[in-house]
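**Q** One structure, as structure tokens, below. Some questions next.
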Amino acid sequence: MLFTGEAKRSNLHMRRKTRQIHVGDVAVGGDAPIAVQSMTTTYTRDIESTVAQIYRLEEVGCEIVRVAVPEMEDALALGEIKKRIHIPLVADIHYNPELALEAVRQGVDKVRINPGNLLNGRKSLEQIVAAVKERGIAMRIGVNSGSIDALDQRAKMQRIQVRLREDGVLEKTDPAEARRKEREQLAERMVSKALEYISWCEELDFHEIAVSLKSSTVLTAVEAYRRFSQRSDYPIHLGITEAGTLVTGAVKSSVGLGLLLAEGIGDTLRVSLSAEPEEEIPVAFEILRSLELRNRGVTFVSCPSCGRVEIDVISVANEVEKRLAKVQTPIHVAVMGCVVNGPGESRDADVGLAGGKGKGVIFRKGQVIRTVPEDQFLDAVLKEVASLLPAREASLVYPEGGIKDVAGMHRTRDEGMNIPILKS
Ligand code: SF4
């Protein structure tokens, strides 16, 4: 579902114009909003677990889901999974083209392949293209930096050279320069491969293609995507592969994807994390919201707290954000520690809390609503947020009868930090 303003182009940079393809009912490329994807971690053949995980992904706003299809048993489960979920299903295939053909028969909305690692290379790709063309579905050509070097025997990793000359002078190449050249060469090989695979598809008059050029090295991926975007108008699936755990992966993805999106490059994205896939979706939307490319969900502002604060802003902010994780209606919420920045940020938000000494002022749409003690912060903020949401989402945020439990601790300068509040 789209929300007001979501289809608008970025006001940061003009988004690069790409062809539009469709993955099920989700448009990718052209003027379509940048779609957010994830990938399940379950065994696909375990239909119950896979569907349950996809439901969790749907709840937090995932728009396209990919599943791994390593064996025929997994491929044969796809039809049942597809029947039970509500977002487009993508089959992730390596090596065996028969798996892709079965996935297509099972009714998936897209197949993701790396033609470079398919058995019988081009011949297999041609079979898959014939199948997806007949079903009218899309295909992603996924080129990864790791597989390129394995494929391309000519590729030699450039090493930093250090040499002691006879006259005693230590001579070494500039590491930064050597790395830049290495990065450019690898990116160029990735782009060349992607363009070659695209040309194979075009010879078969197939154009429902998205392309990814992933690397676990942020700057290599950025270089590859930039180069590709200058030479092709096929829609681009952005990702930093094997980016790492929650913090590491979120930072690498934000830097890499942020650089590209700010330049108008990218039509769909996945943030890859060594975490539950549901964790990937808020990170992806946060990147898009930060660049004003999407406005779905909660724009959240909270202060880090400091020696001026006299409420436990960290606990309150974390608890409010956690409880708003499933909200998809665009809404701006602020949780602030004190009068320095609190009233300003809270007034600018749809709902805001500006802390004082063990109490806080609640704002709604720029107006002061009331002042509440710290043990009522959570109830007061969530009640106001719920009042601005559609009924279905409001009930997720604010249960009938209100919020009885209290977020964590409180602190004041007189009493010190981390004094537990007595639960009501
Ligand atoms: S709003 Fe107040 S408590 Fe929060 S960081 Fe700023 S000065 Fe510190």
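Just so it is clear, glycine is given a Cβ too, placed from its N, Cα and C backbone atoms.
Unlike curated records, TrEMBL annotations are generated automatically.
Annotations for this protein, taken from TrEMBL, read as follows:
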| type | residues | note |
| --- | --- | --- |
| DOMAIN | 18-284 | domain 'IspG TIM-barrel' |
| DOMAIN | 300-386 | domain 'IspG C-terminal' |
| BINDING | C303, C306, C338, E345 | [4Fe-4S] cluster binding site |
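Give me the structural setting of these features: burial, nearby parts and distances.
**A** Taken as a whole, the domain 'IspG TIM-barrel' (18-284) shows an average pLDDT of 92 in this prediction.
DSSP gives E345 ([4Fe-4S] cluster binding site) a helix state. Neighbour density for E345 ([4Fe-4S] cluster binding site): within 10 A of its CB lie 20 other CB atoms from the protein chains shown.
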**Q** Far apart in sequence but close in space: which same-chain residues, 6 or more away, have a Cβ under 8 Å from C303 ([4Fe-4S] cluster binding site)?
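**A** The answer is V309, V313, A317, V335, M336, G337, C338, N341, G342, E345.
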**Q** Around the C-beta of C338 ([4Fe-4S] cluster binding site), how many further C-beta atoms are within 10 angstroms, looking at every protein chain?
**A** 20
**Q** To see if you understand the setup: which same-chain residues, six or more apart in sequence, place their Cβ under 8 Å from that of C306 ([4Fe-4S] cluster binding site)?
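**A** Same-chain residues close to C306 ([4Fe-4S] cluster binding site) (Cβ under 8 Å, separated by 6 or more) are G337.
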